[in-house]
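Scroll down for the structure; my scribbles are underneath it.
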Ligand SMILES: CC(=O)N[C@H]1[C@@H](OP(=O)(O)OP(=O)(O)OC[C@H]2O[C@@H](n3ccc(=O)[nH]c3=O)[C@H](O)[C@@H]2O)O[C@H](CO)[C@@H](O)[C@@H]1O[C@H](C)C(=O)N[C@@H](C)C(=O)N[C@H](CCC(=O)O)C(=O)O
Ligand SMILES: Nc1ncnc2c1ncn2[C@@H]1O[C@H](COP(=O)(O)OP(=O)(O)OP(=O)(O)O)[C@@H](O)[C@H]1O
Ligand SMILES: N[C@H](CCC[C@H](N)C(=O)O)C(=O)O
Ligand SMILES: [Mg+2]
C-alpha cells in the first residue's frame with residue numbers, strides 16, 4: 001500500500017508518497033523488507049535505538065517522535081523515509097487502521113477496573129442472539145461462534161488489533177465488543193478503531209505501578225469517552241458507580257448520547273432483584289415497558305455487568321426486548337465465578353479471576369449465600385504488578401472467607417516468598433502454601449459438605465509465569481486432578 005494512503009496528516013518528504021509499504025510494526029525484530037518501523041519510547045527502552053537494525057532488516061520508512069527526528073535522519077542511511085509525529089503511538093494506531101482498512105461495522109468498547117471481559121463476553125452473546133455475526137476481543141482472546149483464539153494482552157497493540165479486526169471482517173463478523181484496558185488507552189492502542197458505543201463498569205484499585213495516581217488511572221479510562229468515541233457516539237454506565245459524574249460531564253460537553261443502567265439508571269432501571277437458586281430475577285423498567293428477567297448467573301456484580309452489556313447492545317441498535325431476553329441465556333466468561341467441580345461430600349469448587357481487592361471482595365460476597373458451611377479462598381498476587389494491592393487483597397480475603405490459603409500466582413521476576421508475605425500482611429491467620437497445585441489440593445482436602453472453595457486469581461490462564469518461563473498450569477486442571485485424587489469426578 002502506498003505511504004500516502006496510510007500517512008494521514010503526517011508530513012511526507014518529497015517523493016515519499018508512492019513508497020510501497022509492505023507491513024507495519026513497532027518491533028524491530030519483526031521487520032521485513034518494505035516495512036514501516038514505528039520507533040516508540042517504551043517503559044523499558046527507546047525504540048529509536050533499534051531504528052538502525054530495522055533499516056538493516058529492510059524497513060524503508062521509520063516513524064518516530066519529533067524529538068528524535070533530526071538525529072535519526074542524520075544517522076540512518078540516506079533514502080530512508082523518516083516520519084515524525086508529536087504522538088507516534090497515536091500516529092501508529094491511525095496508520096494501522098488505514099493499512100488494514102476494515103473493521104466490523106458496529107463496534108462497542110468497555111472500560112473499567114473489573115468486569116470488562118465479562119461485559120464484552122455478554123455483549124457478543126446479545127449480538128448473536130439478535131442474529132448478528134459477532135466477536136469479542138480482550139483478556140481471553142478473540143471469541144466468535146467458531147471458538148476462541150488466545151491473544152495475550154487485554155487490549156492488543158494497534159497493529160495486531162487492526163490485523164485481527166480485518167480478519168474478523170473478512171470472516172463475516174459485523175459486530176464486535178472490545179475491552180479497553182487503561183494501558184491500552186494510555187498507549188493509544190485503540191485510537192484507530194471506529195467506535196459506536198463506549199461503556200464503563202467501575203473504578204477501583206489496580207495498576208498503581210503504572211499509573212502514579214488514581215486520577216491518572218481515571219484519566220486513562222476517560223480517554224475512551226473524551227478522545228476515542230466519535231461525535232454522535234453513545235455512552236453507557238451505572239450512575240451509582242463512583243466517578244461516573246466525570247463521564248457525564250464529558251458526554252455533556254461533547255453532546256454524546258447517554259444511556260444509564262442500574263438502580264438509578266434511566267435506560268434500564270433495576271427496580272427489583274431477587275435471588276432464585278443459582279439465578280437472579282431482575283425487574284427492569286424501560287421506556288419500552290417493564291421486563292422480568294431471569295439472569296442465570298450469581299453475584300450482584302454480574303447484574304451490573306449484564307445491564308451494562310445490554311445497554312451497550314441496545315445503543316448499538318439491538319431491540320430492547322431482544323437484548324433483555326438474551327440475558328436469560330447468558331453464559332459467564334471462562335474463569336469468572338465458574339463452577340469447577342464438586343467433591344463427593346457435596347463441597348463445591350469455583351474458579352474466579354479476582355486479582356484485585358474489590359474483585360476478591362465481590363466474588364466472595366457473591367458466593368457467601370450459597371455456602372451452607374464454610375467459605376474458603378485460595379489467593380495470591382502476581383509479581384511485577386501493583387505491589388500496593390497485595391495486603392488489600394489479603395485483607396479482603398480474610399474479611400470475607402472463613403479460611404484463607406495464600407499461594408503463588410504469577411511471580412514473574414519477583415521473589416514469590418516476598419509476594420506471599422505482602423498478601424499475608426492483610427491476612428495474618430491464613431495458611432501459606434507456596435505451591436499452587438498443593439494449595440488447591442489442601443483447599444479441597446479441607447472442603448466439607450456445604451462448603452465452597454474459591455480458587456482466585458488466574459481464571460482462564462493456562463500458564464504460570466516464573467521468571468522468563470511460562471510453566472504449564474491451569475487452575476481447572478489442578479482442581480480436576482485434586483478432585484480425582486480425592487476419588488471424585
Ligand atoms: C508496560 C506495558 O504496557 N508495555 C507495553 C508496551 O511496551 P513498551 O513500548 O513499553 O516496551 P519496551 O520494552 O519499553 O520497548 C519500547 C519499544 O521498543 C521496541 N523494541 C524493543 C526491543 C527490540 O529489540 N526492538 C524493538 O523494536 C518495542 O517493540 C517497543 O515498541 O507496548 C507494547 C506494544 O503495545 C506492549 O506489548 C507492552 O505490553 C507488555 C508486554 C505488558 O505486559 N503489558 C501489560 C502490563 C498490559 O498492557 N496490560 C494491560 C492491562 C491488563 C488488565 O486489564 O489488567 C493489557 O491491555 O493487557
Ligand atoms: N462489575 C464488577 N464489579 C466488581 N468485580 C467484578 C465485576 N465483574 C467482575 N468482577 C470480578 O473481577 C474478576 C475479573 O472479571 P473480568 O475478567 O470480567 O474483569 P476485567 O475488567 O476484564 O479484568 P482484567 O482487567 O483483569 O482483564 C471476576 O472474576 C470477578 O471476581
Ligand atoms: N491483566 C492482568 C492479569 C493479572 C492476572 C493475575 N493472574 C496476575 O498475574 O497478576 C494484569 O496484567 O494485571
Ligand atoms: Mg479483562
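Cβ atoms here come from the backbone N, Cα and C positions, even for glycine.
Small disclaimer: the values here were computed from a predicted structure and weren't measured.
The feature domain 'Mur ligase N-terminal catalytic' is assigned by TrEMBL to 21-100. The predicted model assigns the domain 'Mur ligase N-terminal catalytic' (21-100) a mean pLDDT of 96.
The domain 'Mur ligase central' feature in TrEMBL is assigned to 110-313.
According to TrEMBL, the ATP binding site annotation covers 112, 113, 114, 115, 116, 117, 118. According to DSSP, residue 113 (ATP binding site) is assigned to coil rather than to any helix or strand. Summarising the environment of residue 113 (ATP binding site), the number of other Cβ atoms within 10 Å of its Cβ, over all protein chains shown, is 21.
As annotated by TrEMBL, N6-carboxylysine applies to 221. Around residue 221 (N6-carboxylysine), a 10 Å sphere centred on its CB holds 24 further CB atoms from the protein chains shown.
What TrEMBL records for 335-459 is domain 'Mur ligase C-terminal'.
In the three-state DSSP scheme, residue 461 (meso-2,6-diaminopimelate binding site) is classed as coil. As annotated by TrEMBL, meso-2,6-diaminopimelate binding site applies to 385, 409, 410, 411, 412, 457, 461.
Residues of the same chain lying 6 or more positions beyond the ends of the motif 'Meso-diaminopimelate recognition motif' (409-412) and with a Cβ under 8 Å from any Cβ of it are 355, 380-385, 419, 436, 457-458, 461, 464-467. The motif 'Meso-diaminopimelate recognition motif' annotation in TrEMBL covers 409-412.
Counted with DSSP, the motif 'Meso-diaminopimelate recognition motif' (409-412) comes out as 0 helix, 1 strand, 3 coil.
Note: the Cα of residue 412 (meso-2,6-diaminopimelate binding site) and the Cα of residue 118 (ATP binding site) are spaced 26 Å from each other. The ATP site, placed at the center of the C-beta atoms of 112, 113, 114, 115, 116, 117, 118, has further neighbours from the same chain whose C-beta lies within 8 angstroms: 110, 119, 179, 201, 202, 305. Looking only at the binding-site residues 385, 409, 461, the one with its C-alpha closest to residue 115 (ATP binding site) is 461. Looking at residue 385 (meso-2,6-diaminopimelate binding site) and residue 116 (ATP binding site), their Cα atoms lie 19 Å from each other.
Rounded to the nearest whole angstrom, the C-alpha distance between residue 118 (ATP binding site) and residue 457 (meso-2,6-diaminopimelate binding site) is 15. Residue 221 (N6-carboxylysine) has its Cα within 10 Å of the Cα of these binding-site residues: 113, taken from 113, 114, 117, 411, 461. Using Cα positions, the member of the binding-site residues 410, 457, 461 nearest to residue 112 (ATP binding site) is identified as 457.
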